[in-house]
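Note sheet for the following structure.
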Amino acid sequence: MLEKAEKQRRAGSGQQRAAGYMPGFGNDFETESLPGALPQGQNSPQKCNYGLYAEQLSGSPFTAPRGTNERSWLYRIRPSVRHTGRFRRVDYPHWKTAPHVGEHSLALGQLRWSPLPAPSEALDFLQGIRTMTTAGDALTQAGMAAHAYAFNADMVDDYFFNADGELLIVPETGAIQVFTELGRMDVEPSEICLIPRGMMFKVTRLGEEKVWRGYICENYGAKFTLPDRGPIGANCLANPRDFKTPVAAYEDKETPCRVQVKWCGSFHMVEIGHSPLDVVAWHGNYAPYKYDLKTFSPVGAILFDHPDPSIFTVLTAPSGEEGTANVDFVIFPPRWLVAEHTFRPPWYHRNIMSEFMGLIYGRYDAKEEGFVPGGMSLHNMMLAHGPDFSGFEKASNGELKPVKLDNTMAFMFETRFPQQLTTFAAELDTLQDDYMDCWSGLERKFDGTPGIK
């Protein structure tokens, strides 16, 4: 179905690209959609082939260490200065930026929501974004925002880039095509994609759904990278070869288009007469990518006890403090549970980090009821959380034979900063007022006498 939709979209669209993706994480890639469009041996020829313009897109300061220095050279039909003009302010009232504290009366506590409802009117990807929490300060490039999205229309002649941070998109319902300056990515539920800070893109729908829904982590800080494996060694977790960067693709059309920008928390728009997705060739290491979460190779306890959830980290955005993330992206994928004489679900916990969770499909082992695909939960710093009553009883009394935890994919955006709730999130109809009742059955068992109770 996706292949058919893709062919229909490409027919007569003026879009050009080679087939496929390039594997690897942080590689220095090179790709061209027309033969000879990519200069060899230098970055900025006096005149580029095909009459293209050479332009550098920098994702780090020029003097950043080699290991964190990011830039790509783009060879495009027009330079980006032609994709701008006199901007005017526009409003996306449901997209908030840190620092932001919503004006609401909702008391502090552990929170959970059912999925966003399907939109009752036509909304494209940008119009469908709803900020749930913000953390840190975008102006100092620290922190993040957690968004949910639900949309039902394509960005046809609308284009967008975010100067405030990179966007990690996690589809839950409905596959999407993310067409960036550097190429196109088809992203299905159970896959993620990342769009670097400042990179132009648009989002269209793939397949046939009533709603396209998912989650976004807007990372204001240092870019996401792979976590160090430490004693785990050279393999497992997210392997670099499973990350896919798109090959060059461009859109050559002369039609009224709108370029929209998020800059320091405000939104701006300019009208131009052509598509800005006009990069015919490029090389460099500042690039978008997608990743299939099903290729994550989990590690865990193979004798007793439950390890820390950091072993499930897919990507981490470091802060200035060693071992402390600005934001981590963590998943809880299918895996075998084999620990002996052990309470196998995640333990009860209070944490210096703040956790925003979502469920892509299946059930989450610590919350088998109430936490459904498309739903969300928020456990802020130092607020207690853990398995619900039924999960505790099941895990405490079940036979400890090897069990495969299958058909599940939950995730977490975890940050060192407290996550401030937006007014939208506090007043959302899908907020579960009875969430904390899930622990009400956890009664006192202690009676002062020895023995298992």
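Note: Cβ is positioned from N, Cα and C throughout, glycine not excepted.
If you check Swiss-Prot, you get these features:
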REGION    1-42  region 'Disordered'
ACT_SITE  H306  active site, proton acceptor
BINDING   H349, E355, H385  Fe cation binding site
BINDING   Y364, H385  homogentisate binding site
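A Cβ within 8 Å of the Cβ centre of H349, E355, H385, the residues given for Fe cation, is found for these other residues of the same chain: P346, R350, N351, H379, L383, A384, G386. In this structure the C-alpha atoms belonging to H349 (Fe cation binding site) and H306 (active site, proton acceptor) are separated by 12 Å. The secondary structure of H349 (Fe cation binding site), as reduced to three states from DSSP, is extended strand. Among the listed recorded positions, namely H306, H385, the Cβ with the most fellow Cβ atoms inside 10 Å is that of H385. According to its DSSP assignment, E355 (Fe cation binding site) is in a strand. In terms of local Cβ density within 10 Å, Y364 ranks first among the binding-site residues H349, E355, Y364. Here the Cα atom of H385 (Fe cation binding site) is found 16 Å from that of H306 (active site, proton acceptor). DSSP classifies Y364 (homogentisate binding site) as strand under the three-state reduction. Reduced to three states, the DSSP call for H385 (Fe cation binding site) is strand.
DSSP assigns H306 (active site, proton acceptor) to coil, not to a helix or a strand.
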